[in-house]
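Engineer: Can you read through this structure? Questions will come right after.
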Amino acid sequence: FSTSAPELFTSLVAAFKGKNEIVVSNVIGSNIINMLLALPLAGFFLNIKADFKRLKLSFMFLFLLMFLLLLLSFDFRSYSFFVTPYNRFSSLIILILFLSYLLLFYKEEKAHANLENSFQEGASNLNRGLNFIFFSLLSFIISMYFLYLGSKLLVDGALYIANNVFNVSEKLIGIMVVAFGTSVPELVVSLFAIIRKEADIAFGNIIGSNIFNIGFILASSSFFRPILLQDIYLLDFSIMVFITLVLFLVVKFKGVFSRSISLIFLLLYLLYNLMLFNFY
């Protein structure tokens, strides 16, 4: 989830500015980039073996979160999706589902590995002294400040480009510029996975990031200010669901994210960007 920190700060900054399109574009765009660019980059150089039993829970909650987004946006008077805005009530429901996932994920991982030793090691590390705690807190505060500053610059810069340079929709800039910028950590993790030949890290990072983007970032942003997932995002949302489904089927029936599959995903990413230029 730590690689999604830029998405979190950027979405919160955009939400407080009342820039609904930037928030939604950032979440949906980041999820698409994670699956069509970050993961295939690692898979192109490494055959990523995926353990379906370990990923089954994460995929299940990812599909549940996407279904919940549809359900909460449904308007029963017009029988249309993406009409009802996400408010505090909606965000609380999504956050409860997200917290439920964290609890079940922890229990499942504890069944696979003895986590008590790792907790004991972590506790012993915290006992190094006050200096360690002080510098850890200081570095955390400084990091949060620069994340906020960078997120503000990214949002302001994206809005300026959209309105004053190219005169395009904020949605297009949000998906192509903001979402790509906030997805850099996932891309870096994929590159490190290639260098260290630890392909499983890339897969877990992508799925976890996508869950966090919907389950926490979109929910926390709509908690402070209502966010409307407009019908202009229907195509992008459908693509996100479709790619997630394809990824699920690959993991379930093939078990390996191979070079050929990675190449197909990378080509789909190029096609998606061409579609954005033509439609928006």
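Cβ from N, Cα, C; glycine included.
All annotation found in TrEMBL is predicted automatically rather than curated by experts.
Dumping what TrEMBL says about this protein:
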type     : residues : note
DOMAIN   : 1-106    : domain 'Sodium/calcium exchanger membrane region'
DOMAIN   : 136-277  : domain 'Sodium/calcium exchanger membrane region'
TRANSMEM : 22-45    : transmembrane segment
TRANSMEM : 57-74    : transmembrane segment
TRANSMEM : 86-106   : transmembrane segment
TRANSMEM : 126-148  : transmembrane segment
TRANSMEM : 172-195  : transmembrane segment
TRANSMEM : 202-220  : transmembrane segment
TRANSMEM : 232-251  : transmembrane segment
TRANSMEM : 263-279  : transmembrane segment
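Describe the structural context of these features.
Structural biologist: Applying DSSP to the domain 'Sodium/calcium exchanger membrane region' (1-106) sorts its residues as follows: 81 helix, 5 strand, 20 coil.
DSSP labels the residues of the domain 'Sodium/calcium exchanger membrane region' (136-277) in these numbers: 125 helix, 3 strand, 14 coil.
Through the fold, the transmembrane segment (22-45) approaches residues 4, 7, 10-11, 14-15, 155, 158-159, 170-171, 173-176, 178-180, 182-183, 186-187, 189-191, 193-194, 199, 202-203, 206, 209-210, 213-214, 217-218, 221, 227, 229-230, 233, 236-237, 239-240, 243-244, 247, 257-259, 261-263, 265-266, 268-269, 272 of its own chain, all at least 6 residues removed from its boundaries and within a Cβ separation under 8 Å.
Listed by sequence, the residues of this chain that lie at least six past the ends of the transmembrane segment (57-74) yet keep a Cβ under 8 A from its Cβ atoms are 80-86, 90, 93-94, 97-98, 100-101, 104-105, 108, 207-208, 210-211, 214-215, 218, 229, 237, 240-241, 244, 248, 251.
Listed as Cβ neighbours of the transmembrane segment (86-106) (distance under 8 Å, sequence separation of 6 or more from its ends, same chain) are residues 57-58, 61, 64-65, 68-69, 72-73, 211-212, 214-216, 218-223, 226-229.
Same-chain neighbours of the transmembrane segment (172-195): 2-7, 10, 14, 21-22, 24-26, 28-30, 32-34, 37-39, 41-42, 45-46, 154-155, 158-159, 161-162, 166, 201-202, 205-206, 209, 236, 273, 276-277, 280, counting only residues six or more beyond its ends whose CB sits under 8 Å from a CB of the stretch.
Tertiary neighbourhood of the transmembrane segment (263-279): same-chain residues 32-33, 35-37, 39-41, 43-44, 172, 175-176, 235, 239, 243, selected by CB-CB distance under 8 Å and a gap of 6+ residues from either end.
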